[in-house]
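Have a look at the structure below before the remarks.
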């Protein structure tokens, strides 16, 4: 039984369709990410759930009840904004207490819950600080405490970590995941950062131009991208133009001097898609020359000029000797690591 | 820099650097001293001089003018009226201007720039013309509005507007409104665009959001607008002169009359000096209070 359900939701601004045919069912306690480039409609979808925008078509249901009929102030959702939108004239404790005040929680209980919420995000002792006297990370934590203290049915996070520096962002990701696991709040995160989506979520909704490209676990979307867009957007990928050779039995998929048994049901020109870390240097395979070799600590990044155009290869720094720039190599990979897309036979 | 150090001893170069700011700001300082400080000092000095109907101004040091202002209730009434009008004008502009700026800020693109122009437009028209407009509408039996209402039988006598404090407050508020709107507008620009959504998501209705979230944040804007409006209204001349005339004098028109009609320059100078000192004290004092009270919002 779906906890939060979006049923063919669409949003139009004038003639422009920003979100189209968006259907998703979220289970209770699940952590979902909306992932896509800016302008793909992910924030618009979030704002429709929050109630700041009304869907043009479709329904949004929470525990079977129509959410669009409820005023945003009555939906009881917790929202963390990209800019945090803290109240600058109130202290951290007053910020967190605001939602409880609106719910007419008695003063003593309010104080206790505010204290607990601030302690949970690691800000015990910061009760009387004003937001402008806090660092970005601390403000972010206050915003999270403010959204969680009202025990929201769903927590909505709108690019909450995008204003933090890389190191702090990583710390907050881990912390966010731990907090969410502990209290079990159903959470929807909007992000354009694929690493963030992959490390935090149970499932990722990859969006492009207002449409859902794929819904799946982080591993599914990475290993078995449903479209070229998904494979390009989630990490680096190599796309080689290839053909199906039907004269051989069984049929083979051929790209330059590399070939492998063809998957059933394909013919004509196809695209072979392979992640750079799944490519190895072998004795046989796609002919290539190393153009640049970049050392990145735990791995090497090779940019190659192959028979089928530019290719990138990532090799783990396992201490073994690596080919040098200008060296001719053969690129090879296991057939199960690639995905072949093309016209259906 | 190294060329200077090569040719001159290091001490001279240091002295030259230390002098530079003074040399560079000298023209502006000279202008400031010449057209503001010297006339101001002369006015203050003038207020201690003696004056008689037949002997004119006598450059002596006496407290006659100050004594007259301090003891004659006529002057107390005049100053009290001046500040009463300034306070009421400030309240009126704040009550109308703050919501006006808020509504303006919520308008979408094209309407916003259009109405901003409507609000700022009057600044391009002379204060005298704008105040005379009020006189044309409400001036006695011949005022346009009075004429219409009387011929429609809605009122028997003209609405009292000219030569009343109410009329002066309304006309001044009209003239000062752009300053208040602009000041609040600037404060609204500093608001987080998501702040109202944040309040709403926590369960606050629109009135609570305005009262608890928006108002405290734009208050510094309202208050700095109030300081501008208050000091401009208390020292305003054109509007009180046209609406109040000789019958309803304020400090500025009083000083003007002493200078140009009675020709008692020393008394006029004392009135002007007192108005200036009172205004400076009020403005500096309230500014300090505001900055302390709203330290967190200003940061």
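Residue positions begin at 1 at the first shown residue.
For all residues, glycine too, the Cβ spot is worked out from N, Cα and C.
Automated prediction, rather than curation, is the source of TrEMBL annotations.
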Per TrEMBL, the range holding transmembrane segment, considering B:83-102, B:143-162: B:83-102
Range annotated as transmembrane segment in TrEMBL, from B:3-25, B:26-48: B:26-48
Cβ contacts the transmembrane segment (B:221-243)/the transmembrane segment (B:114-137), at least three under 8 Å, sequence gap 6 or more: yes
Top Cβ-contact partner of the transmembrane segment (B:83-102) among B:26-48, B:114-137, B:168-188 (pairs under 8 Å): B:168-188
